[in-house]
Amino acid sequence: MSSDYSSSSPTTSLHHLAAAAAAASTESTGHAAKRSKRRGKFSDLVFTRNFSTFDRQNALAASSPFHGFFTLFWLGISLFVIKIGAENWRQHGNPLGRNEIFRIMFHRDLVVLLIADGVMCLSTGVSWVLQRHLVRRGVVDWDKEGWVWQNIWQCLFVAGVVGFPLLRDWPWTHTVFFVMHGMVMLMKMHSYAFYNGYLASVWKKRQLLLGKLKELEHVQVVTKHDPNRSWTEPFPLLPRDLSTEHLSRVPSAQEYKERRKMSIAAQQGADGQEGENDVAKIVAAIDSHEPLNEEQVHVFERALKWEVDAMTDELRGKATDDKRVYPNNLTLANHYEFIVLPTLVYELEYPRSESINWYYAAEKMVACFGVIFVMIMISQAFIYPVVMETVRMKEMGMPLSERFQYFPWMLADLIFPFMMEYLLSWYLIWETILNFVAELTKFADRNFYGAWWNSVSWDQFARDWNRPVHNFLLRHVYHSSISAMKVNKHTATLITFFLSACVHELVMWCIFKKLRGYLLFLQMFQLPLVSLSRTKWMRNRKTLGNVFFWLGIFTGPSILCSLYLIL
């Protein structure tokens, strides 16, 4: 409890609390309905049953007037790959051409890669051990040293994910997969640990208040008015059963629905600070062991029960099954179930499908390998030769000035194949892989992306391109920066963009073995572009905004790769 209480008796400053509670007991039903329910720290996201936009199960996509263009795109890709295969056959006697990329992928350490990836996924259980056996049992206080230990473990995890590919001298194909999957596991661990750490703090406070309710049953009650004590002024009696037996356990789903879940914090303001102070003052008043009159006993008891009900609500979260309510959720099975689900933010419960459509899962798996094959064919035919040319120029000792003269032609050679690779990699991950995993795990919310192709600004693109990562950054970076660091929304946005840019730059360093900051600069440059899109000149020009967006998508990846190869 906070120690900066007023020097007067703790109960003296509770007049307004008693009066508020008394007034609350006589409010009409209509007015009570307007009172906001206490919003939890991690109640910012809602998972519902959804299909991804291009999923054939999505009725809206199937009836879209642009469905024919989707068919045309894949027909064009198929004919394009057939043409590449025919050219390879004519020149090399093999549809795959020289086949360097396939040899890079499979010539060594493929089994080591799979084993290392499995070990990496299993090591996320360290976060479960911390929550289940240290934080939950009170060995570690999450609000003090608990979150520090979690962050230390996360730093060691990142060091292992980045260092192991360097130690094994893996090719870029192995490195990209392992590092990107490692970043996914890092975000999952962070979300799991910080959500459960927060619930551990709520559980601890709830247990404390339950104990104070028990103490309140045995407090000395003053029945006669004492004019020397200002805190004995009579208030209207608030009739309520003083029993706390119903608060000794987490309520069932039916009891949960029937119980009012209104806390003092919800009555006192959006931030709840005043309400939290009032609860602290009530606890201090009980700890003082001073006599209380009957009105104060009822007011204190009612206020504490309100707060306990709100904490019970917080511990239940969105769970409908008591087995998933904190701390019942702290099982090894629950942890690793979250690890394989196609989401990066931890919840006590998600919407689930009733069964697995194995035909659909097989369809997505075939599509996954098919897209990978197409990407390799395009890379082998159009990107790999350009990369090898830059390697040859460096091996010949060509000075930077001469190499830079080759930059415009390299850009021209890479811009279209990189655009295709960009679109295909997006479709591979967010439409085939995530839907495949979602089907196998019965994960029903498949809103993995929005209509990012209609973006008119880069902040809209950031929201819609990758919904799982956006949700993680929204909850654990943006909102956490505002609540923990007390910064405004603009600063929180800057922090979010910067952290995201740093992670992307780390991945580029792992691939190219160079720390240049090109990607970091390009991502941070999106912020002034976002401001430009909100100006009066651009605000209502959606087509122009979309043109600028697509120009960035067309040129950005090829410029970035060219810079890393040439410089």
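Each position is counted from 1, following the chain as shown.
Each Cβ is built from the backbone N, Cα and C atoms, and glycine gets one as well.
Over in TrEMBL, the protein carries these features:
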{"type": "ACT_SITE", "residues": "HIS504", "note": "active site"}
{"type": "TRANSMEM", "residues": "66-86", "note": "transmembrane segment"}
{"type": "TRANSMEM", "residues": "110-130", "note": "transmembrane segment"}
{"type": "TRANSMEM", "residues": "174-195", "note": "transmembrane segment"}
{"type": "TRANSMEM", "residues": "366-387", "note": "transmembrane segment"}
{"type": "TRANSMEM", "residues": "407-429", "note": "transmembrane segment"}
{"type": "TRANSMEM", "residues": "547-566", "note": "transmembrane segment"}
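Taking residue pairs at least 6 apart in sequence, the transmembrane segment (174-195) and the transmembrane segment (366-387) share fewer than three C-beta contacts under 8 angstroms. Within its own chain, the residue listed as 'active site' has LEU519, LEU520, GLN523 as residues 6 or more apart in sequence whose C-beta sits under 8 angstroms from its own. Sequence-distant contacts of the transmembrane segment (66-86) (same chain, six or more residues past either end, CB-CB distance under 8 Å): 54, 95-97, 373-374, 377-378, 381, 420, 424.
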